[in-house]
Amino acid sequence: MVKAYLRYDFASAFGVITSAGNPEFDAEGKHIYTTSLENISVWNVKQGTKVSSLAPSSSTTPTQGAAEATVIARAKKSQLLAVGYSDGTVRLWDLTTSLCTVTLKGHKSSVTALRYHPSGSLLASGSKDTDLILWDVVEETGLYRLRGHKDQITDLVFLTRGNRLISCSKDGLVKVWDLSTQHCSQTVAGYKAEVWSLDLDPQERRLVTGSTDHELRVFQVVGLEEEEEANHVSAAEPTTVSGKGEADGKKAGDVRTGHHYCLRAMGSVKRQAGGHERVSRLRFDEAGTMLACLGTGKSVELFRIRSEAESKKKLKRRKKRRREKMQKKSDKENDNEEQEEMEEQEDVEKEGENEPRATDEFEPFQVVACKSKIRSFAFAPSAALRNAKQAGSKGSGSGGGRDCLARLALSLSNNVLELVDVLAPAGLLRSEKGFNLEEVTQEVVQKLDQGGHRADIRTVALSNDDQQLLSASNNAVKVWNPQTGACLATMESGYGLCTLFAPGNSHAVLGTKEGKLEVFDLGASTRSHVEEDAHDGPIWSLCALPDRTGFVSGSADKTVKFWQWKVVVSGDGLKQLRLQHIRTLKMADDVLCVRVSPDSRLLAVSLLDSTIKVFYLDTLKFFLSLYGHKLPVLCMDISSDSTLLVSGSADKNIKVRCFVMMVAIAIRQEHQ
């Protein structure tokens with residue numbers, strides 16, 4: 001005999017502002033793209049509203065839902081957005097039509113890194129499967145695969161000078177790939193642990209890498225023109241350079257026969273904030289004047305890139321201090337042997353005296369801190385900064401005569417997207433009197449938080465007509481349209497644990513962790529009443545009575561209380577919904593869930609002792625006790641014909657019990 005069963009397929013997810021992936025601005029900075037699980041949400045920066053959503057078609061996704069989007073990359077010279085997913089696919093979206101133009105499949109596991117070539121014709125992707133894949137965006141096909149890393153690819157960037165690709169991995173290596181020969185031409189080692197991120201400045205002069213320590217290593221891009229002319233580097237014998245800039249006992253970057261280097265170490269820059277955290281993301285701004293470093297905490301550290309004149313001035317001061325220091329030593333030392341040793345040491349130091357160091361060019365600038373953990377960030381393009389010059393702080397009253405040095409989009413772990421402007425007095429960076437960091441301020445110009453909860457959702461309830469969905473977290477109640485996923489209202493509340501729609505779907509009741517019952521007027525989007533002394537402990541469950549006259553509440557104070565709906569007339573003549581306590585059933589342990597059978601005969605109560613007690617609803621006389629679960633029952637329900645009881649427990653088991661059989665067994669036990 002063949003039986004047909006209902007199956008529930010994944011339909012949609014809503015209330016997600018930003019998830020695990022990075023945000024990305026459009027070319028003008030007017031819109032921002034964020035990962036929202038499997039979808040890409042498009043937000044209007046000025047209005048703070050959701051414009052559209054890029055969702056994979058249902059025909060290409062499994063029934064349990066599409067793979068989650070993990071990384072976003074935007075092409076600078078075209079209207080294409082590349083999105084990597086946790087199933088290893090890469091989708092290219094046309095931003096003008098909001099359609100997926102092609103799906104690229106080549107990785108075996110989650111995509112962790114994506115970068116467009118500056119020309120927009122090539123796309124590079126890295127994955128947890130340790131492979132790098134080069135894609136031809138125009139032909140919509142894969143070109144070749146680069147293998148050499150032994151662990152997950154964490155970041156990559158194109159180097160157009162010399163047709164190179166630079167990648168870093170959790171294996172603690174940074175590799176430079178020659179795309180013309182499809183081989184690794186240089187490997188940078190010397191890191192103590194994983195290399196989590198890297199980025200190249202827009203002028204392709206400096207490469208910055210971040211690992212698990214408190215330093216950012218800076219490399220100078222050198223020797224490419226000479227290498228192309230001489231063609232000395234063999235792809236079969238790649239050069240290995242340590243993180244300190246040494247290769248085979250020679251100084252990294254020296255151009256010798258057969259040893260042309262792409263990267264030469266310049267030293268490191270110490271992180272001021274979050275130095276004990278690993279680096280999560282490194283990015284230069286579009287102008288190349290700012291570097292942002294994100295750890296795993298609640299702050300983003302900004303470094304200012306000094307101009308060439310400032311760097312030379314810094315180098316000149318450093319050389320002057322060295323000469324003065326050596327002169328003082330020479331005045332104090334009279335021993336000839338020590339004098340000779342000092343002179344030898346001075347000669348060694350003079351070899352790199354004219355070479356710039358990382359500290360000559362990178363200066364700690366500002367720390368942007370948030371109240372929640374930052375997942376990722378993105379710099380706004382230069383066009384957005386020009387529009388935000390002083391207008392970015394319009395309405396604040398404190399932005400007169402101030403320049404917007406940088407705008408950051410911060411993706412927070414509490415489902416919030418913040419836009420922060422770094423402001424300074426006009427012309428401060430160009431002032432010859434020096435740079436005063438105290439005059440630099442930061443301001444949150446936009447916060448996208450109305451479309452989702454800030455913490456875990458503890459309870460949801462669907463109205464009888466399926467037109468409203470109510471959800472509650474630790475401090476707010478939200479009303480949603482289940483068909484469109486739009487947030488209709490947001491109301492402040494206590495720590496919600498359970499919720500229930502009142503008859504008519506115009507009001508709702510929320511049971512809180514503090515033991516209160518809160519009544520909400522959904523039409524007015526307000527909290528109309530609070531029953532302060534409803535229970536003495538957290539209210540874990542609410543269940544409506546079948547006759548629609550009231551509901552039942554179960555709490556950790558070991559009581560089950562019956563409530564009745566009551567309409568009162570306020571002083572201004574408006575009718576308001578209130579709650580009236582009718583009777584109380586005391587239990588021997590904490591109550592976790594209560595359910596009433598649709599025929600109004602039985603009341604089922606699950607307790608902390610892993611049992612389910614069943615009572616007669618009219619007399620509250622004990623009927624029977626149900627055992628079987630090894631841990632407490634957290635949820636249960638009774639079928640519409642009042643014959644089956646389904647219980648779900650913390651022991652990861654679901655049990656289905658038949659009331660008819662239970663009644664027969666109980667009668668037999670009474671006769672015995």
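Using the three backbone atoms N, Cα and C, a Cβ is placed for every residue, glycine included.
The compositional bias 'Basic and acidic residues' annotation in TrEMBL covers 245-254 (among others).
The compositional bias 'Basic residues' annotation in TrEMBL covers 313-326.
Annotation comment: TrEMBL describes 334-350 as compositional bias 'Acidic residues'.
Among the features that TrEMBL reports, compositional bias 'Basic and acidic residues' is placed at 351-360 (among others).
Annotation source TrEMBL lists region 'Disordered' at 229-254 (among others).
What TrEMBL records for 311-362 (among others) is region 'Disordered'.
The annotation repeat 'WD' is assigned in TrEMBL to 78-103 (among others). Packing against the repeat 'WD' (78-103) from elsewhere in the chain are residues 21, 24, 26, 33, 35, 38, 40, 42, 52, 54, 56-57, 60, 66-72, 109-114, 116, 120, 123, 125, 127, 129, 135, 137, 140: each is 6 or more residues past its ends and has a CB under 8 Å from a CB in it.
Applying DSSP to the repeat 'WD' (104-145) sorts its residues as follows: 0 helix, 24 strand, 18 coil. Summarising the annotation, TrEMBL assigns repeat 'WD' to 104-145 (among others).
The feature repeat 'WD' is assigned by TrEMBL to 146-187 (among others).
According to TrEMBL, the repeat 'WD' annotation covers 188-221 (among others). With a threshold of 8 Å between CB atoms, the same-chain residues lying at least 6 positions outside the repeat 'WD' (188-221) that come near it are 151, 154-161, 166, 168-176, 240-244, 253, 262-271, 275-276, 278-284, 286-288, 291, 293, 303, 305, 356, 358, 361-362.
Remote same-chain partners of the repeat 'WD' (532-564), defined as residues 6 or more beyond its termini with a Cβ less than 8 Å from a stretch Cβ, comprise 497-501, 503, 509, 511-517, 579-600, 603, 605. What TrEMBL records for 532-564 (among others) is repeat 'WD'.
If you look up TrEMBL, you'll see 626-656 (among others) marked as repeat 'WD'. Averaged over the repeat 'WD' (626-656), the predicted model has a pLDDT of 93.
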